[in-house]
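The feature domain 'NADH-Ubiquinone oxidoreductase (complex I) chain 5 N-terminal' is assigned by TrEMBL to A:73-122. Residues or ranges marked as domain 'NADH:quinone oxidoreductase/Mrp antiporter transmembrane' by TrEMBL: A:139-445. The feature domain 'NADH dehydrogenase subunit 5 C-terminal' is assigned by TrEMBL to A:537-657. Residues annotated as transmembrane segment in TrEMBL: A:90-110, A:145-164, A:185-213, A:225-249, A:270-294, A:300-321, A:356-377, A:398-422, A:442-463, A:484-509, A:539-560, A:642-663 (among others).
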Amino acid sequence: MEALIVFLPLVGALVAGFGGRAIAGHKGDLFAQIVSSGLLVLAAIFAWITFINVGILAHDAADKAYTINLLHWVAVGDFAFDWALRIDTLTAVMLVVVTSVSSVVHIYSIGYMHHDPSIPRFQAYLSLFTFMMLMLVTADNLVQMFFGWEGVGLASYLLIGFWYKKPSANAAAIKAFVVNRVGDFGFALGIFGTFVMTGSLGFDAIFAAIPGIVEGGDAGQTFQFLWMTLTPQEAITCICLLLFMGAMGKSAQLGLHTWLPDAMEGPTPVSALIHAATMVTAGVFMVCRLSPIFEYSETALTVVTFVGAMTAFFAATVGLTQNDIKRVIAYSTCSQLGYMFFAAGVSAYPAAMFHLFTHAFFKALLFLGAGSVIHAVSDEQDMRKMGGLAPHIKKTMVMMWIGSLALGGIGIPGTQIGFAGFFSKDAILESAYGAHTGIGMFAFWMGIAAAVMTAFYSWRLLWMTFHTPARADERVMAHVHESPNVMLVPLYLLAIGAVFAGVVFAPYFTGHHFAEFWGDSIKILEEHKALENAHHVPVWVKMLPLVVGIIGIAGAVWVYRSGLERGRRIGEFWGPFYQFSLNKWYFDELYNFLFVRPAFAIGRFFWKRGDGQTIDGLGPDGVAKTTAFAAGRLSLLQTGYLYHYAFAMLIGVVVLVSFYLLAH
Amino acid sequence: MMFETSMIAPALPEIVLACSVMGLMMVGVFSPEKQALSRVSFLAVLVLLVIGVLVIATGSETRLALHDLFVVDSFSLFMKVLVIIAAVLALVMSDGYIRRESMARFEYPVLLCFATLGMLMMISAHDLISLYIGLELQSLSLYVVAAFRRDQLRSTEAGLKYFVLGALSSGLLLYGSSLIYGFAGTTNFAAIASGLAALDHAPTGLIVGLVFLSAGLAFKISAVPFHMWTPDVYEGAPTPVTAFFAVAPKIAAMALILRVMLGPFEDLIAEWQQIIWLISVASMILGAVAAIAQTNIKRLMAYSSIGHVGYALMGLAAGTKDGATGVMLYMAIYLVMNVGTFACILSMKIKDRMVENISDLSGLSKTRPGMAFALMIFMFSMAGIPPLAGFFGKFFVFRAAIDAGLIWLAVIGALASVVSAFYYLRIIKVMYFDENDDVIDKIDGKSMRVIMILTSALVLLFTLAPETIASYAASAATSLF
């Protein structure tokens with residue numbers, strides 16, 4: 001059954017991609033949609049069964065974590081590993097997230113993409129992505145994980161650039177690929193380093209070897225990295241940081257985040273599936289999966305916390321001022337990923353995974369809702385040209401409200417009442433506080449600041465879109481319509497998740513008995529008690545997120561209650577800060593200046609000067625020119641006069657004779 | 001003096017050929033004018049085939065005849081078979097042409113047979129005197145054939161040029177021979193060889209004689225700088241004559257050079273190696289570069305043959321048995337490629353004239369795909385693209401040169417073959433990618449088509465068993481050492 005979960009999407013991708021029109025003729029589009037969606041729904045059902053079996057029902061160690069070997073993949077001396085499916089609670093959670101969101105996105109796409117001329121290709125890419133993502137989360141060793149990691153990168157590239165006739169889409173696709181390459185470089189180095197240190201690539205073997213290395217199994221053992229000589233402890237830190245670099249790229253953390261907002265060039269279902277719910281969370285998953293390594297490096301954990309907290313804060317500030325509806329949500333995603341990372345950084349991996357789980361539902365809901373809005377206003381994405389949509393698309397509006405409430409983390413502390421985000425986000429903030437470390441406190445306050453802004457930009461989005469007076473022209477307004485049921489039903493399903501995922505699963509994921517639920521899939525050292533302490537934080541810590549959330553909401557409503565004018569004036573008042581936020585802290589400009597333009601300049605130099613003028617000029621072109629010139633000259637020699645020919649022969653004899661005489 | 005059969009038996013094929021050719025002349029003269037050509041042509045082909053059988057029947061055992069003027073061995077057998085094949089194919093190919101182009105006179109096949117006789121003599125020469133006699137018999141016939149279209153200015157010009165320059169080269173050759181005779185005291189190859197072996201140091205005069213001799217021979221294979229006649233004669237002579245020129249005399253003259261250099265002057269290899277090296281390099285480069293500027297396909301083939309001779313000489317420059325094998329193999333493959341190419345050229349007509357310009361070939365792939373394909377095969381093969389036969393020809397001589405330590409020769413050869421690929425590929429490009437303005441007419445002729453299919457099949461399929469032919473050549477080469 002576990003193998004079916006993984007491979008049904010692949011079958012869907014192949015059938016939809018290659019077989020659609022061949023099997024079903026002119027109905028190929030519909031066929032591709034039904035086959036790929038149907039197979040994914042099936043996979044999702046199996047995933048839920050697996051999740052309940054492994055996570056909730058099972059109590060024996062053997063049932064909580066097992067490995068299904070598919071085949072021997074590589075066997076070269078010590079360098080040996082299988083292609084296997086590792087099933088434990090961590091994987092099961094990811095299976096549920098991936099297949100659930102993916103199947104609703106598949107169904108939603110039937111409606112959203114119905115004008116598109118290449119539907120089978122789209123469905124095939126979506127299914128291919130799902131397969132790769134499942135490959136990543138079921139990996140039993142680092143290489144298989146890397147395979148899935150690169151596979152989702154490929155699918156992401158293909159889907160961002162799906163409308164390949166749009167130059168901006170192509171640029172965004174390339175940007176996503178290149179920025180991820182930076183992270184993947186670190187990830188690959190981390191994998192090499194792990195192999196060097198532990199002599200293995202399988203997770204079980206690595207995890208078993210790490211404690212021994214830390215305690216100095218081989219006294220005086222050192223490792224070389226660049227110019228540095230590292231003790232075992234430092235080497236583990238080094239590996240963790242390299243692996244985290246991969247996670248930063250994939251999960252768009254501060255520094256390597258620039259690709260994510262641009263990735264919104266892809267179709268909206270893609271943004272929901274890949275750039276909100278699943279692929280971008282792969283970095284979080286990776287850190288949690290490798291918790292048995294990260295746990296042994298305080299330095300690495302501190303870095304993870306710091307980067308996560310900074311990202312949460314940074315992305316929230318940028319989200320405040322963006323005008324493209326999808327970009328707001330994209331920065332929100334970036335910010336929420338920051339939350340997950342700093343949770344992992346304080347060793348509250350369950351909280352990180354819980355937020356990953358709930359976030360998948362409400363963020364996919366927000367994206368698909370945004371898609372529904374965009375669909376309604378004739379593909380307009382700029383919120384300044386929306387407004388007044390509430391009466392026309394009520395159902396979509398309600399869905400967006402639910403998504404925003406979940407994102408804002410609204411709920412009543414101390415009770416079991418609240419949206420999904422309430423449970424997971426509070427768990428994270430409380431864990432950060434409960435870590436009782438300096439960096440934990442830093443993360444906590446950054447998280448609180450981000451929470452205010454999250455609430456603000458979410459309600460700014462709601463008001464600008466639905467509740468302010470209409471700003472679109474009449475033609476667009478006349479055409480505003482509610483989306484068809486094939487798009488709305490997926491929204492309802494996600495809304496159920498956004499409302500109930502928190503309350504139902506909180507006791508399992510982060511409750512008092514979280515250790516039973518997670519089994520051995522997550523390792524937390526004894527001295528890291530952030531999550532346990534989270535249950536015993538002061539009341540003000542429990543109340544603060546809600547309070548700041550309400551402040552944020554109130555602020556947004558106050559500013560935008562009667563239109564954009566007040567917002568504009570506030571922006572002018574805060575001039576430089578407003579510009580700083582609007583221009584995303586000038587990261588793109590900085591990178592353009594530091595990397596992109598020098599790279600282009602170097603490239604152009606080598607191309608024009610190096611290749612064109614020097615190599616081609618002296619090489620192929622020059623030689624060809626010389627040859628053609630010589631050919632012309634040589635045929636001039638062929639005068640046709642007999643005495644010239646005879647003369648040439650005699651000269652030849654003279655030359656040969658003198659050549660001989662001189663040579664001796 | 002006793003008359004012994006063993007004294008003339010090895011030369012029997014040549015003697016039979018000489019008598020038959022004179023008989024053919026009688027047949028021609030006494031036949032009705034209208035039937036004379038077809039009758040003589042048919043008989044000539046028949047005679048040549050019989051001679052071929054006789055040559056093979058004579059065997060590959062090394063035997064001397066005619067007072068040591070004449071030698072038969074496995075080398076001569078191999079080369080003679082090639083020459084006879086070339087002559088037969090040339091006769092068959094020219095049949096239609098000479099009828100259409102008003103040169104239908106029965107002397108044509110007769111002259112070709114005389115030339116063939118001269119070549120067979122050259123291949124079997126074992127003395128400077130018999131060498132010269134064979135060479136002159138061949139050359140005189142060819143002078144006449146080149147000018148066979150007396151009514152056409154270009155043809156007569158070609159014949160005249162060839163004659164004058166040929167006479168000059170004969171002079172050089174004779175002067176060289178007399179120098180050699182003066183210093184060695186003999187004209188017999190075996191005697192020269194044993195005389196040289198006895199000397200510590202070869203006299204300079206002898207070497208100068210050898211240089212003159214090689215100059216005369218280089219003229220016959222149109223190696224640089226004695227090549228100047230080639231483009232003009234190839235262009236001016238009637239096309240079937242060009243086809244014959246391009247193949248048979250080259251093979252015979254190459255055989256002669258091998259025989260002379262590796263026979264009597266084997267001990268002087270250090271001396272002549274550099275000269276051959278120089279000639280080889282010059283021929284390869286000139287053949288590659290000068291051909292680029294050509295627009296006439298016959299002139300192009302002339303430069304192409306100059307280049308090919310350069311490659312073949314690379315094997316001789318190596319001076320080893322492998323080198324000789326390479327040369328023989330190269331000439332065999334060269335024969336097949338050239339005959340095939342000329343068969344293509346000879347069976348195309350455009351607006352009532354023969355196809356002579358490269359641009360005439362444009363769009364051939366659409367109008368006559370089969371022919372275009374065959375021509376493409378030949379061009380790729382001449383450029384030396386694997387797995388076609390031409391590649392193996394080059395491969396064997398290159399390997400021999402490298403084994404003999406002539407790395408630079410091989411490097412220059414490789415570079416030259418890159419340059420030469422340009423004009424071979426250009427023909428393919430013209431055939432396949434250029435638009436055609438005029439339709440190329442088909443010239444019917446079963447024999448042409450058979451030749452084309454046969455030669456292209458050989459070129460294509462050589463790769464399946466390169467070692468079989470190579471082993472023939474290798475065993476033939478042993479008799480030179």
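Glycine residues also receive a Cβ, built from the backbone N, Cα and C atoms like all the rest.
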Contact check, the transmembrane segment (A:225-249) vs the transmembrane segment (A:300-321), 3+ Cβ pairs under 8 Å, seq sep 6+: yes
Among the ranges A:90-110, A:185-213, A:270-294, A:442-463, the one whose Cβ pairs under 8 Å to the transmembrane segment (A:300-321) are most numerous: A:442-463
Local confidence of the domain 'NADH-Ubiquinone oxidoreductase (complex I) chain 5 N-terminal' (A:73-122) - pLDDT mean: 89
In contact by Cβ distance (the transmembrane segment (A:398-422), the transmembrane segment (A:442-463); 3 or more pairs under 8 Å): yes
Intrachain residues whose Cβ lies under 8 Å of the transmembrane segment (A:398-422), provided they are six or more past its termini: 332, 336, 355, 358-359, 361-363, 365-366, 369-370, 372-373, 451, 454-455, 458-459, 461-462, 465-466, 488, 491-492, 494-495, 497-503, 539, 542-543, 545-546, 549, 552-553
Which of A:145-164, A:270-294, A:356-377 contacts the transmembrane segment (A:185-213) most, counting Cβ pairs under 8 Å: A:270-294
Residue numbers, six or more beyond the limits of the transmembrane segment (A:270-294), whose CB comes under 8 Å of its CB atoms: 90, 94, 97-98, 101-102, 105, 108, 126, 129-130, 133, 136-137, 145, 149, 152, 155-156, 159-160, 162, 194, 203, 206-207, 210, 236, 239-240, 243-244, 246-253, 260, 263-264, 300-301, 304, 326, 329-330, 333, 337, 340-341, 344, 347, 349, 352-353, 356, 359-361, 363-364, 366-368, 371, 521-524
Beyond the flanks of the transmembrane segment (A:356-377) by 6 or more, those residues with Cβ under 8 Å of it: 93, 96-97, 100-101, 104-105, 108, 112, 268-269, 271-273, 276-278, 281, 284-285, 325-326, 329, 332-333, 336, 340, 385-386, 389, 392-393, 396, 399-400, 402-404, 406-407, 419-421, 423-424, 465, 472, 476, 479-483, 487-488, 490-491, 494-495, 497-498, 501-502, 505, 509
Within the domain 'NADH dehydrogenase subunit 5 C-terminal' (A:537-657), residues counted as helix, strand or coil by DSSP: 108 helix, 0 strand, 13 coil
